[in-house]
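Participant: Pasting in a structure now, in structure tokens, and then I'll have a few things to ask.
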Amino acid sequence: MYQDKILVRQLGLQPYEAISQAMHNFTDMRDENSHDEIWLVEHYPVFTQGQAGKAEHILMPGDIPVVQSDRGGQVTYHGPGQQVMYVLLNLKRRKLGVRDLVTLLEQTVVNTLAEMGIEAHPRADAPGVYVGEKKICSLGLRIRRGCSFHGLALNVNMDLSPFLRINPCGYAGMEMAKITQWKEDATTDNIAPRLLANILALLNNPPYEYIAT
């Protein structure tokens, strides 16, 4: 894999649409010499509808806005207490295929949860990471000009009830889970560094630098 410095941005709690636009701008403007970046963020409550999304999977959004997204997949929910990690990687330069990246992201979460004694696994029929039959992490990516954006959303200590207003990722009755069901002291503040360390390990430990925002 190509070795270079990865820039890491810890963005805190942000509106989904502003971060989505920033990802598009970054991807459109980057060139072959641009550093890859990883963005760690939480979002204000929002349902995002992926490219494959069908309106009937949004059951009763109520007061939570619904935003169209160009990531892969169907509808999901983002809210405070969910750690989102966006991966802005030059896949061509890192010699990664799209399937490779999906597997890498799933393994990042599996390894992170294993450190806390939580046994999790991906599913071939439904992308994401699961504990038993319950989904704890959602994935959605977009590739443009050989570069990835969007990423994963790991449920840490969030309110899961808004997921009842949708068919998560297009699956009616899909049960959702969060880390605090097994590890009560988990927060996004202590999960984000673990996620970052695990994805960097799977990328062969490139140097990285936190960028102030």
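Sequential numbering from 1, following the chain as shown.
Just so it is clear, glycine is given a Cβ too, placed from its N, Cα and C backbone atoms.
For 32-207, the entry in Swiss-Prot reads domain 'BPL/LPL catalytic', with the evidence type sequence analysis. The substrate binding site annotation in Swiss-Prot covers R71, G72, G73, Q74, V75, T76, Y77, H78, S138, L139, G140, G151, L152, A153. Taken from Swiss-Prot, the feature site 'Lowers pKa of active site Cys' applies to K135, supported by sequence analysis. The active site, acyl-thioester intermediate feature in Swiss-Prot is assigned to C169; the stated evidence is sequence analysis.
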Participant: Within 10 Å of each Cβ, count the other Cβ atoms and name the one among the recorded positions V75, C169 with the highest count.
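Facilitator: Output for this query is V75.
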Participant: Looking only at R71, G72, G73, Q74, V75, T76, Y77, H78, S138, L139, G140, G151, L152, A153, which the record lists for substrate, tell me the maximum pairwise CA distance in angstrom.
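Facilitator: 15 Å is the greatest Cα spacing among the residues binding substrate.
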Participant: Please report the distance from the Cα of the residue listed as 'active site, acyl-thioester intermediate' to the Cα of G140 (substrate binding site), rounded to the nearest angstrom.
Facilitator: 10
Participant: Validating a neighbour-count step here. Other CB atoms within 10 A of the CB of G73 (substrate binding site): how many?
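Facilitator: Summing over all protein chains shown, G73 (substrate binding site) has 22 other Cβ atoms within 10 Å.
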Participant: Should G73 (substrate binding site) be counted as helix, strand, or coil on the basis of DSSP?
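Facilitator: For G73 (substrate binding site) - judged by DSSP and reduced to three states - the answer is coil.
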Participant: Could you round the CA separation between Y77 (substrate binding site) and K135 (site 'Lowers pKa of active site Cys') to a whole angstrom and send it over?
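Facilitator: K135 (site 'Lowers pKa of active site Cys') has its Cα 12 Å from the Cα of Y77 (substrate binding site).
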Participant: C-alpha of G73 (substrate binding site) to C-alpha of K135 (site 'Lowers pKa of active site Cys'): distance in Å?
Facilitator: 15
Participant: Provide the three-state secondary structure of L152 (substrate binding site) computed with DSSP.
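Facilitator: Assignment for L152 (substrate binding site) reads strand.
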Participant: Same chain only, sequence gap of 6 or more: which residues have a CB within under 8 Å of the CB of L152 (substrate binding site)?
Facilitator: V84, M85, V87, L105, T108, V109, C137, S138, L139, G140
Participant: How big is the gap, in Å, between the Cα of R71 (substrate binding site) and that of K135 (site 'Lowers pKa of active site Cys'), rounded to a whole number?
Facilitator: 19
Participant: Whole-number Å only: compute the distance from the Cα of K135 (site 'Lowers pKa of active site Cys') to the Cα of V75 (substrate binding site).
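Facilitator: Their Cα atoms are separated by 14 Å.
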